[in-house]
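Pulled from TrEMBL:
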- 1-22: signal peptide (SIGNAL)
- 59-209: domain 'Cupin type-1' (DOMAIN)
- Cys247-Cys262: disulfide bond (DISULFID)
- 276-426: domain 'Cupin type-1' (DOMAIN)
- Asn321, His326, Glu331: oxalate binding site (BINDING)
- His324, His326, Glu331, His372: Mn(2+) binding site (BINDING)
Amino acid sequence: MAIPSFFLTVLALSLSVVLTAATSTFQDFCVADPQEKVLVNGLACKDPKLVEANDFFFSGLHIAGNTTNPVGSKVTPVFASQLPGLNTLDISIARIDYAPTGINPPHTHPRATEVLTVLEGTLEVGFVTSNPENRHLRKVLQKGDVFVFPIGLVHYQRNVGYGNAVAIAALSNQNPGVITIGNAVFGSTPDIDIDVLVKAFHLDKTTIGYLQSNSCQMTNFSLLMLLLSLSLSVALAADTSALQDFCVADPKGQVLVNGLACKDPKLVEENDFLFSGLHIAGNTTNPVGSKVTPIFVTQLPGLNTLGISMARIDYAPWGINPPHTHPRATEVLTVLEGTLEVGFITSNPENRHLRKVLQKGDVFVFPIGLVHYQRNVGYGNAVAIAALSSQNPGVITIGNAVFGSTPDIDTDVLVKAFHLDKTTVNYLQSKF
């Protein structure tokens, strides 16, 4: 059986499988309706009958941002306001461009952990833990390196290479929020009283006045470091249920928990938040013609408990990522190279098949728990980066689960479930 026809057979069979996701959502998706006047925590839902594939689609992330500004960087967000299908799904992405010596100034995301992947260039990155330690963990990243900034912590990036730099950031909320330290503390409207800032930062009124007048003009690295050092004494609260800054996974821990036990915080180091090699192509010489390179908590211990992860997916020409689900995660897919046909199927009883052809720079959302797939329909290889809203999203490949379980699901069950004869069921089970 040729791969395309076999692929479609498995997809058709998957339409009749009811899959439940480990999530608190009550429906497949809640596409944002920006015209709705009802005030909710987030955005109200569009009528599901009016939802279409374009609601889960964003185009243009391959286009470089304009870095001709005082800080020398540009963030291109893909949040719920830009991509309505992200609404309620607790994940988003952004592209960040950096001019030489450009910075992304010290800031926090009050509602999200950030996982940064360097696509081009060399970045120095760092974050600061909360009081009383205020530890500054920093690292120099090269192309293909991945680094984690835990939710709510002050962090920054600086281009230390000779050319431009580009990164993709995955964030664990559809509206992560940004608090730039300089703007918030010294550029609020109205101003924070000078006497408060004098006492808080041990500076004289002249310096405070200068900072307030230049909060949006801080361009050089000495000012970056000034803001970073000042931020060490600022207590920032994050909108999260976490009880500590991070819980780096301890694979040697003997305690059984839902996830992985925490490493002693005193032994945590920068490398616990680092993964290298995402620029290396995966080997697609296999029956499906694709290779997933995961960066889950088992590969990157610093992701533990933070509700986000990433993966690189390589596709040979006409290669597929077969129909599958992630029981614990929404997936946001960004095409870096090539042309992909993608699609997902809503749950019973509609079983709507929403599909789209994506080009370089396009972004598509697969809501948590729904059957989805990708296929390379271009003439060359294709590459994508996937952000997932769990540090351990899980994968259920439909063909493997239904026809390749150990032990086998009884043939009579599959005959009735899929309206097939025993010979066909036995053939399918032999293939998985």
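Any Cβ shown, glycine's included, is placed from N, Cα and C.
Bear in mind that TrEMBL entries carry predicted annotations, made automatically and left uncurated.
Location within the structure of each feature annotated in TrEMBL.
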residue : record               : CB count, 10 Å
Cys247  : disulfide bond       : 23
Cys262  : disulfide bond       : 19
Asn321  : oxalate binding site : 26
His324  : Mn(2+) binding site  : 22
His326  : oxalate binding site : 24
Glu331  : oxalate binding site : 24
His372  : Mn(2+) binding site  : 24
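For the pair formed by Asn321 (oxalate binding site) and Cys262 (disulfide bond), distance between Cα atoms is given as 33 Å, rounded to the nearest Å. The record gives Asn321, His326, Glu331 for oxalate. Within 8 Å of the mean position of their Cβ atoms, the other Cβ atoms in that chain belong to Ala311, His324, Thr325, Ala329, Leu333, Phe366, His372, Ala386, Leu388, Pro393, Val395.
Excluding His324, His326, Glu331, His372, which define the Mn(2+) site, the same chain contributes Thr325, Ala329, Phe344, Phe366, Leu370, Val371, Pro393, Val395 within 8 Å (Cβ to the Cβ centroid), listed in sequence order. Here the Cα atom of Glu331 (oxalate binding site) is found 10 Å from that of His372 (Mn(2+) binding site). Separating the Cα atoms of Cys262 (disulfide bond) and His326 (oxalate binding site) is a whole-number distance of 24 Å. Regional average pLDDT for the domain 'Cupin type-1' (276-426) in the model is 94. Rounded to a whole value, the Cα-Cα separation of His324 (Mn(2+) binding site) and Cys247 (disulfide bond) is 29 Å. A distance of 23 Å separates the Cα atom of Cys247 (disulfide bond) from that of His326 (oxalate binding site).
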